[in-house]
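Since the structure comes first, as structure tokens, the remarks are kept for the end.
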Amino acid sequence: MAQLFFKYGAMNSGKSIEILKVANNYEEQKKPVLIFTSGMDTRDEVGYVSSRVGLRRRAVPIFDDTNIFDYVESCRQKPYCVLIDEVQFLTKAHVLQLANIVDTLDIPVMGFGLKNDFRNELFEGSKYMLLYADKIEEMKTICWFCHKKAIMNLRVDEQGKPIYDGEQIQIGGNETYYPVCRKCHQHPPLTV
């Protein structure tokens, strides 16, 4: 019986490389998968899942008007699993489409992404994944500044100063965001 999985973690917790590992495991057994990623993620190139260790793979980009269910249903070869990177950028409608893939097409769906933004607010996609997922798993990483578990994401400006207000979505990597614990989110030991 297929299920909807949500695997979340702070920045740098290995979400993208986990997608590539899962895809490889299926494909080694001659079981095709379908990989999607947000069309908003332009850090590397639109339509790619890229990990910080240098591995990358083509993926179907999701835009606001993308109907993920229709795309999967129209595939000539049914995938054994659907993998979604950057699930936090999805809309409620997208998440409902993922649930429909599981419930109607009986295909497992694994969504990977951030749970909360730099203000410690839920992303829309993450909120609805938390509500609709059958299984939820935290992917752990350590705080950039201390030894505690990172549960938040700290955004910094060009001078390295922490930012706590602004637009929720700003695409960036290690130069813009740090995985941090709660204490270091409030009082980051940054030298400016």
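Just so it is clear, glycine is given a Cβ too, placed from its N, Cα and C backbone atoms.
The feature active site, proton acceptor is assigned by Swiss-Prot to Glu86. The DSSP secondary structure for Glu86 (active site, proton acceptor) is coil.
Annotation comment: Swiss-Prot describes Gly9, Ala10, Met11, Asn12, Ser13, Gly14, Lys15, Ser16, Asp85, Glu86, Val87, Gln88 as ATP binding site, evidence class sequence analysis. Classification of Gly9 (ATP binding site) by DSSP places it in coil, neither helical nor stranded.
Per Swiss-Prot, Zn(2+) binding site is recorded for Cys143, Cys146, Cys181, Cys184. The Cβ of Cys184 (Zn(2+) binding site) lies under 8 Å from the Cβ of Cys143, Trp144, Phe145, Cys146, Lys148, Leu154, each of which sits 6+ residues away along the same chain.
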Reading the DSSP string in three states, the entry for Cys181 (Zn(2+) binding site) is coil
Residues sitting within 8 A of the centre of the Cys143, Cys146, Cys181, Cys184 CB atoms (Zn(2+) site), not counting those, run Ile142, Trp144, Phe145, His147, Lys148, Ala150, Val180, Arg182, Lys183, His185
Students should find that the Cβ of Gly9 (ATP binding site) has, within 10 Å, a number of other Cβ atoms equal to 22
One should report the C-alpha separation between Asp85 (ATP binding site) and Cys181 (Zn(2+) binding site), rounded to whole angstrom, as 23
Quick tally, other C-beta within 10 angstroms, Met11, Val87, Cys146, Cys181; top of the binding-site residues is Val87
